[in-house]
Structures are given as C-alpha cells and as structure tokens.
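Notes for the one structure printed next.
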C-alpha cells in the first residue's frame, strides 16, 4: 500500500513538473498572417493605346484566386477602404492628364459685347409636330420610340422626331478687345459662347455686356488641345509583399463583419473609368438580381443600387450635326478654339433602352424588403418615386464624359416615364406638357432626355472649376451599359419615399472595388515553445531557390497552427518567391516603358509600388537580423514566455487567430528579443576574447606543442648566445686595458749581499712598507675582478641548471598527465565495451522474451480450435 502511494505521488510530481516546464519565445517566419494596409497599388490594363501604355503596365491576364478558410471583415466605401479612395484620386489624375483643362491665366476675364445668335431653323413648330405634342399623355403611343407590344422593352427610336422636339443650343457671338502681339495696341476678337457659359447684364438681345462664367475662379493657362480617350478598363494590383482579399459571399451588401467566402488575388477584375453622377455606366459587376448597398450598412444618404443585368439597361447619347471649330489666335503662344461664327448647335440627347420600368419596379420591391433598422420609409411601392437633385449643374443633371465632352442631361422627362406620372420636378400636377420653344414641358414622359455640352465645369474631386476647350467637330455618339445608380433615401410626412439621384462619385468605385481589401502580409509570428536557443554556435541556414508564388503561401491561412508551422520552409519560399516574381515582372514592364513612364504621375506610382515592396522585404529581414534570426524559418530564443495564460492551440487555432490574440503583446516581445540579442552579442564578444583557451581538444593538437617546444628551445639558445657574447666582450675588454700581474704570494728577496734591512748609501730609515704598497693595490683589483667573474659563471651555471630542471620537471608532469589521460581513455573504453556488452545482453534477453511471447500467442491461437472442440466434446458427452 505504501509503495503504491509513493508511486502515485511520484507520478503526480512528474506531471506537475512537465506541465510547468519553462516555455520560450519562438520566432516563426512564413506564417500566413496579414493586416489592413493603405499602400499605393499599381495598375494593369490590356489596352495598348497611348494613355494606357504611358500610365499602366501591360496586363498579365492572371486571374488566379486561392480560397481561404477564414472569416474577414469588409467595407466598400472610401473612408474605410483605402483601395476605393485610391481609385478616386487616380481616375481624377486620368482626367487631368487626358482632358487637359486650361488654368492659371485669364485673357478672357474681360468685358465682352455679345449678340444672341438666331436659330438656323424656323422658330415656329410645324402643325404636325404641334398636333403631336400639345396633348402628350403618359401613354407610350405618343413617345417617339417603338415599344414591344409584349413587353416594356424599348427597342428603337425615331431620331428625326427626337431632334425636332429638341431646341437648339442658345449661343451668343461676343466681341472683345485686348492686347495682342503688340502690347500697346489692342485688337478686336470675336468668339461664340454658349449662353450657359457667360454672365450677362440685363439688356436687349442685340447688345449685352457679358463676362465668362466663373471669371474670378476659372482662368486659362495655355492653348489646350482637345483630347479624349475611349472606354478604358484597368486592374488594380497589390505590390510585392501585399495582397488583395476578395469577399465572395452572396449576401454581401457593401459591409460585412464576417465574410466567410474569402479568396486571395493578386489583381482585381477589370474596372471601368467612366465618371458619372446619378447613374453608374459600364460597371464591371452585375448579377441576375438587384442589390442595395448602404454605406456602413445603415446610412440612407449614400446608397448604391445595382441593377439586374436581365433587364439589359443601356443609354445611347448623341450630339447631332457637323460642328466646326474656328481657332482664334489671341496672343503669342495662345490659341483659343471658338465655335464658327453665326452658327447654333442642335441639342445633344440621350436615349434609354431596355426594360427600365421592370428594373425600377424590382428596385422598389428590394427597398421595402430592407430591415427596419436600415429603412423606415413606406412599404407601398406605389409611393416610392425616383427624382433628381437640385443645385450645381453636375448634381442636378446626369453628368458624364462622352468622347472628351462633358454632357449635362436633365432627367425630368425620363423620371416621369419611370414613375409613370405627369408632374413637375416638385411633384405638383400640371396640365399640358408643352414647353418653351419646340421642346416638351417638364411634365412630359420620354425615354430620352435633352443634354447640354459645357466647357466650364465644377471639378468633381477638388473644390475648383475647370475650363475646357469648346466641343470638338463632327458627330458625337457613345453607348454605355447602365449597371446601377447612386441615390439617397428620403422620407417625408406624406408617407412617401423619395429616391433621389446622388452626385457622389465615390459610389462608382465602391461598386467596382467594394469587394476587395488591400492587406499587408506580415510573415513574422511569435509563439511559445519548450525549446531554448543554443548560444554556443552561430550557423546560417542555407538559402534555397524559390519556385512558387505567394498566393499558395496565403492559401494556408485557414489551416491549424501546427500544420502550418510544419511547412514554414515551403511557405516562406512561396512568400519570397512571390515577392521576387512580382518585382521581376514589374521591373521588366517598367524597363520596357522607361521612356514613356518618366514624366507620368501613374508611372511614378508604379515605381513607388516597387520601392515599397523592397522596403518591406528589407524591413522584415532587418527585424529578423536584430533578433538573431536572419534566414531562419523557425528561430528559438532565450527570451522566456511570460504570459502563461496565452498559449496557442496548435491543432485547432489558425495563425491569424493567434496573432490577433497576442497583437497587444508584440511590442513587449520585440523589445525583449532585442535586449536578449544585445546581451548575446556581449556574451559572444567576451567569449571570443578567450577563444584560444575555449576548445579543450586544442590541447591535443601536436602542432601547438611543437610551437611551445620551439619557443622554449629558442629561449635556451638565446641565453647561451648572451653568455657567449658576454665572455667575448670581457676578453676584448681585458686586452684593451693591458696585462696587470697579480701581487706575489711570496716575498721577493733583494739582491745578494744585501740584507733585508740593509740600507743603501745615502739612504736612511725603513723603506719596506713604502716599497710594497703598489703591489698590494694591484693585487686587490685583480682579486675583485676574479671574484666577480666566478660569481657570474656560477649564476650562469645555476640558471642553466634551473632551466634544465624546469624543462625536466615539465616533461615529467606532462608524461604523468599523458599517462593519466591514457589511463582514463582506457577506463572509458573498457566502460564502453562493458556497456555495449550489457546492452547486447539486454537486447538478447528482450528479444528472447518477445520471441517467447510471440510463440505463446501463436500456440494459443493455433490450439484454440482444438481446445474449443475438446470443450464442446466434454459438454456434449
């Protein structure tokens, strides 16, 4: 019992230790994670005309979509979708570059004397026409268009009848005087203006004082050539390192917080560049159903209605007549294009074709189906009316550009046709539909509308006005598909809902690009693991060639973290391969068009997209390098994971979900990684200072020992050489000083016959002491030198003996250490042999036991039928 309790406690302790094991921050490179971005996208187009080739790169026709198993929020309007905002800015630049408005100089901001031009046709209306127009009713039989009897589809119109019902454009011939080539002399000029483009003081029609409209804020800079572009479609593409997400949900209506059918693409579909107010022309998105998009899902001030393509709605606009343009040279370098003198233009007009009433009826049915939190108007579709707005000409009319000319079309007749009633623009009933001149009145129903062409317009993107050259010569015509309309939903006290055409241009790009979302790929992720970085070595991961694209990389966004982490090497290759491939394609296109791109604004944007991609790639690599993780897909660190309450579910959680949970921790994690990297660099620096002693196995390098012995041998030779040099120097010094005999050890006797104490003649006193004094001095000096030489010799001998003994002792110790090492290696070898023998015996015993168990199981299986038979026999007997 006690043993069982101890085993249980031991197992519980082991489990606690395993569960509380320290985790460390691990850096993963190549995780499929992204964040919203507002980076500048670039454009592609299949069009090969001049504008397209100078502003966009050729289309690669790659429409690959990779589905993602994730949910993502989407928003269609420009204030929350940077791609939609970019479209508005870029299309405005298209207008500026191609239509070339004239600005900054005001030669025509002067007083002009104007005379109204007479009509080129009789002002009286023929009787046949009068008879057909005086009693116009709501029935379709009075319309100048043929209608299919079995449906409400408008098939064709009689252009002659339409043109007879339209008035001519009112125009005036204006004369003015200004300095020309000679500055001190004024010259008279004559220019024809449309009456809508001049401001005149009250007076008779024969002679009026007029000024150009918006004279104070719209001026002319240069002679502006008349240019235009045909229908142009382009695609927005994400720079390298970025991507476009697309929402494919069926119920998407411009706003959704959890779009589930998401795919990733490199470029959008082809979108149109037609700018209009009210109606959406030539849209790229159309389905077999009517859709209503509300801004931010709840706004009634900005509503997008997408028509059902089943109704085949189109509009054809024409400017009849063979208009001619007369160039007027105003001054040196400035030519103003005027209409030819004494001519009046016929009005332009637009004819609406298709089942418009059926489409409008379906729109009303969809409006009343809106949830109550999004629509509080009437549920009676008969009380829902389509109307126009009042105010600036661009807002009050259908405004669009047709072959470079700006059309302003008054929609009253067509709106009366759609609403199937005869009222004035204020919804007041009126009797009769006869208007001014030949034209029908505002209460008439028509499937066509009258249009004006103007040269002075309000800029739709900036708060300014632009002046363009007068309309071009010849016949103008363009046909467009109507895919939707921009409206406002207004309610009033009469239990009526007014659907008002809106001039908001951004609705066009919301319809075209609202399903797309520009994101920045952030391939660096953090997660806790139980592996700590080994700081003993620094080896660099080998880089491999890249062969796949980044769409496949993002395709793993919906997989679990564990499955994605096991393929990080391949995913990082996909990411970098996509970056490199996109850069290669973009660079090739830029190089092919470098001469044409160098002066265009969109060309600069394309180059900027390339620079942005390079900056992003270098930024990611710089971050990895700062953490010591350069060129690594999985990089373990020495930073402990301090947030134990935040751990990933590797089998069920995606990287995107995990990154969103720890996004607020990223700042702390990166700071700790940088500090750990700095400390590691300091440790590495100190470690390298001791690198010559760091490797234990370097002691067994024979070449190092030879170097040490060589140094010792050279030291001994140096000492011996110094000793020899000193000896030679001593000998030479003695020779140079001369020979000095040593003092005698035995007294030298004087000459014979002379006693010791004998005195010579004339000598007196004892001379013995004085005669021996020089000998004593000489003897003392020689003795000192002899002693010094002996001591030097002894010191050299002792030094040699000490050096010899030291070397001998060192060799003895080395021999002893080598013997110990040899003994240790022998013991290790013996232990290893014993361990191998023990493992072999253990394996043999285990194999034998396994064989016995298998044999027993085999015999049991084989003997089972016999034992069953024996048991049955015993039971039956």
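Just so you know, the numbers here start at 1 and follow the chain as drawn.
Here the Cβ of each residue, glycine as well, is placed from N, Cα and C on the backbone.
Residue ranges 731-734, 735-738, 739-742 are listed, and Swiss-Prot annotates 739-742 among them as motif 'YXXL motif'.
Swiss-Prot assigns the feature region 'Fusion peptide' to one of the listed ranges (523-543, 544-564, 565-585), namely 544-564.
Per Swiss-Prot, the residue from the list 379, 770 bearing the note N-linked glycosylation site is 379. Comparing local CB density within 10 A for the disulfide-bonded residues 109, 350, the maximum falls on 350. Sequence-distant contacts (6 or more apart, same chain, Cβ under 8 Å) of residue 317 (disulfide bond) comprise 348, 349, 350, 351, 400, 402, 407, 409, 451, 476, 477, 478, 479, 480.
Across the region 'V4' (409-451), mean pLDDT in this model comes to 73. Summary for the glycosylation sites 36, 173, 261, 420: the Cβ-based neighbour count within 10 Å is maximal at 173. Note: the Cα of residue 420 (N-linked glycosylation site) and the Cα of residue 312 (N-linked glycosylation site) are spaced 20 Å from each other.
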